[in-house]
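**Student:** Dumping what Swiss-Prot says about this protein:
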ACT_SITE  His74  active site, proton donor
BINDING   Phe11, Ala42, Leu43, Glu44, Val66, Val67, Ile68, Asn98  5-amino-6-(D-ribitylamino)uracil binding site
BINDING   Glu71, Thr72, Arg112  (2S)-2-hydroxy-3-oxobutyl phosphate binding site
Amino acid sequence: MAKFLIVEARFYDHLNDMLVAGAKAALKEAGHEVEVITVPGALEIPGAIALADQSEDYDGYVAIGVVIRGETYHFEIVAGESARGIMALTMDGVAIGNGILTVENEAQALVRADPKQKDKGGEAAKAALALLALRERWS
């Protein structure tokens, strides 16, 4: 049994609840332990994962958040930099599933977050599981 940390940026509570539910369900169904922490925003997710990984308490991570395009350039910065930070950690061997939605509107987010529809939280958890399996295979 592995231990996973879900790191969520809570901004849209109802959407986050669905994403976290999907991720938890996938991890628990696979027989793993799950903990959840909250950070202020998507930009803080990679940093929180890096700090948690130093503790060696967790085997893998799931990043959860929702970034909806607004009227300013902020969307591009948050979407790009959070993904870049997660990818940098992944390239260093950290097993992370990226469940940060980057969408045009709330309707798109709802379809992707809902475990009964696209279940992107569950998909992110399964990606983390797959990366953990690869890391264990090649370690």
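Cβ atoms here come from the backbone N, Cα and C positions, even for glycine.
The model shown is predicted, which means the values in this text are computed figures rather than measured ones.
Explain the structural surroundings of these features, please.
**Tutor:** Listed in sequence order, there are no same-chain residues at least 6 apart in sequence whose CB falls under 8 Å from the CB of His74 (active site, proton donor). In the three-state DSSP reading, His74 (active site, proton donor) counts as helix.
In the three-state DSSP scheme, Val66 (5-amino-6-(D-ribitylamino)uracil binding site) is classed as strand. Shown in sequence order, Ala9, Phe11, Tyr12, Leu15, Asn16, Leu19, Ile100, Leu101, Val103, Ala109, Ala113 are the residues of the chain, 6+ apart in sequence, with a C-beta less than 8 angstroms from the C-beta of Val66 (5-amino-6-(D-ribitylamino)uracil binding site).
Neighbour density for Thr72 ((2S)-2-hydroxy-3-oxobutyl phosphate binding site): within 10 A of its CB lie 8 other CB atoms from the protein chains shown.
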**Student:** Taking only the Cα atoms, work out how far Thr72 ((2S)-2-hydroxy-3-oxobutyl phosphate binding site) lies from Leu43 (5-amino-6-(D-ribitylamino)uracil binding site), in Å, as a whole number.
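**Tutor:** Approximately 16 Å lies between the Cα of Thr72 ((2S)-2-hydroxy-3-oxobutyl phosphate binding site) and that of Leu43 (5-amino-6-(D-ribitylamino)uracil binding site).
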**Student:** Would you pick out, from the binding-site residues Val67, Ile68, the residue whose Cβ has the largest number of other Cβ atoms within 10 Å?
**Tutor:** Val67
